[in-house]
Amino acid sequence: MHPHTPHDRKQIIVTPSPAGSPTMNVSVVLLTSDLRLHDHPPLRAALGGSRQVVPLFVRDRDVDRTGFAAANRLAFLADCLRDLDAGLRERGGRLVVRSGDPVEQVCGVAAEAEADEVHMAADVSAHAIRREERLRRALEAEGVRLHVHDTVTTAVAPGALTPAAKDHFAVFTPYFRHWARQPLRGVLDAPEAVRVPEGVGSEELPSRAGVAGVSPGLARGGEAEGRRRLAAWLRGGITAYDKGHDDLAGDATSRLSPHLHFGTLAPVELVHRARAAGGPGAEAFVRQLAWRDFHRQVLRARPDAAHADYRTRHDHWRPEREAEEEIRAWREGRTGCPVVDAAMRQLRHEGWTHNRGRLLAASFLTKTLYVDWRVGARIFLDLLVDGDVANNQLNWQWMAGTGTDTRPNRVLNPVAQARRYDPDGAFVRRWVPELGHLTGPQVHEPWKLRGPERAALDYPDPIVDLSDGLARFRAARKRT
Ligand SMILES: Cc1cc2nc3c(=O)[nH]c(=O)nc-3n(C[C@H](O)[C@H](O)[C@H](O)COP(=O)(O)OP(=O)(O)OC[C@H]3O[C@@H](n4cnc5c(N)ncnc54)[C@H](O)[C@@H]3O)c2cc1C
């Protein structure tokens, strides 16, 4: 449950329109996962020829209804909307926020503003596709044109690259070969001025303080913060990304994922700027951005991959009720497997964890515990600030072996992985303070301690024997 004011009680504050003022040449820009002013094709197109623009964000009631409105994302979103409003005000404009059904709200705002066109970014989820289709029909009926822009939320548009006789790439490596050669559009400047017609009212902007249940270490949102992080990343971290990105304790990744999710940063701009920085670190970083586009083109072509196996392995996952205790222990970071617990505790504390931590947590749940990937994906979506249908569901499927991984039966051994990616144990000690006094890699196998040292540990025994888990998974996949 995410306490927030119900939509029907939202107050709309109307800026009065001077009687009889002409409101010709007005565009509405529906902002969704593109909460920025820099490199924003829909906004630039909407402003073309000095038109007035209503920058509109609709708090979609279906997103709440389907449980997708997690506290961490609502708090980050509130930061983004406030920052966007501030950026628009610096340019003479303002943000208009409404709640409800996006189609009804956009049509209502277009009518109030006497707009003759609406611009928005293309997106990939089934929900987004439905929204676009409904919006197109409803606006057409009102004589308003809908313009949907590509390369706003991806660097390369989904569907722009396809293998012969197929509608999407199912394997990353060949996709990436084509993706890397694809010419990108240029980066667009933020507009200097935005004129918003009077008379179009907005609800009060949400605030982070109004959201309950937010992770204490949640990062700050907003375009200004995103650009600050990007500049710092390009000045420093990116250089060593190729070598350091898997080092759990080093925390040497960009942490730009929430900004990409909410679109406070543009993927096209990121690719251009990383390429300009150059070097192996930047190349490795650009490759990860391609993974993001890859998952989006998969989801665009197979929207049901959000909930159904992309490639079935005929799994009969353990019933959730049977595994209830283990699922709870996994979610709360007390499986007795330190590196998995560390990742889950970081996730709960920050609403974010390292990619390697996500992989280890997902492998442990789906393969060692043999629990359905959808259970883990749902729990991640409840917590992740970057929680994203394409990236979350398809990464879960990748790890579960029901997705695009070409080695679907691989099982990550959490001890071997911890020794490799957290060799000194610093990541585990940071997040599992009960083990903080253990030195070096012994922190990864506390069950090996003997006598009083083990008895004194306030940390659970492993909820599963790793080799039993492996044997169960292999038997289930008929790999024995
Ligand atoms: C089980 C699981 C669930 C995940 N859920 C999400 C999610 O909901 N949202 C999300 O954005 N990422 C998700 N990822 C991918 C990845 O873990 C995060 O994007 C990354 O950890 C974010 O940190 P960063 O910004 O520092 O990444 P960096 O390493 O700095 O990478 C730069 C950017 O590249 C993209 N990227 C990196 N790795 C991947 C990947 N494996 N797949 C797709 N894009 C990638 C992200 O947009 C990221 O911000 C998930 C991975 C796993 C294994």
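Keep in mind that glycine also has a Cβ here, set from the backbone N, Cα and C atoms.
Database features, via TrEMBL:
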type	residues	note
BINDING	Tyr241, Thr253, Ser254, Arg255, Leu256, Ser257, Phe285, Asp386, Gly387, Asp388	FAD binding site
SITE	Trp317	site 'Electron transfer via tryptophanyl radical'
SITE	Trp373	site 'Electron transfer via tryptophanyl radical'
SITE	Trp396	site 'Electron transfer via tryptophanyl radical'
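Overlay of TrEMBL feature records on the structure.
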residue : record                                            : Cβ neighbours (10 Å)
Tyr241  : FAD binding site                                  : 23
Ser254  : FAD binding site                                  : 22
Leu256  : FAD binding site                                  : 20
Phe285  : FAD binding site                                  : 26
Trp317  : site 'Electron transfer via tryptophanyl radical' : 17
Trp373  : site 'Electron transfer via tryptophanyl radical' : 24
Gly387  : FAD binding site                                  : 22
Trp396  : site 'Electron transfer via tryptophanyl radical' : 24
> Out of Trp317, Trp373, Trp396, which of these recorded sites is nearest Tyr241 (FAD binding site) by C-alpha distance?
Replying inline: Trp396
>> Given the recorded sites Trp317, Trp373, Trp396, find the one whose Cα is closest in space to the Cα of Ser254 (FAD binding site).
In response: Trp396
> Of Trp317, Trp373, Trp396, which recorded sites come close to ligand 1, meaning Cβ under 6 Å from one of its atoms?
Replying inline: Trp396
> In Å, rounded, how far does the Cα of Gly387 (FAD binding site) sit from the Cα of Trp396 (site 'Electron transfer via tryptophanyl radical')?
Replying inline: 12
> Which one is closest to Leu256 (FAD binding site) in space, judged by CA to CA distance, out of the recorded sites Trp317, Trp373, Trp396?
Replying inline: Trp396
> What subset of the recorded positions Phe285, Trp317, Trp373 lies within 10 angstroms of Trp396 (site 'Electron transfer via tryptophanyl radical'), using C-alpha positions?
Replying inline: Trp373
> In angstrom units, rounded to an integer, how far apart are the Cα atoms of Phe285 (FAD binding site) and Trp373 (site 'Electron transfer via tryptophanyl radical')?
Replying inline: 27
> Could you give the maximum C-alpha to C-alpha distance in Å for the residues Tyr241, Thr253, Ser254, Arg255, Leu256, Ser257, Phe285, Asp386, Gly387, Asp388 that bind FAD per the record?
Replying inline: 23
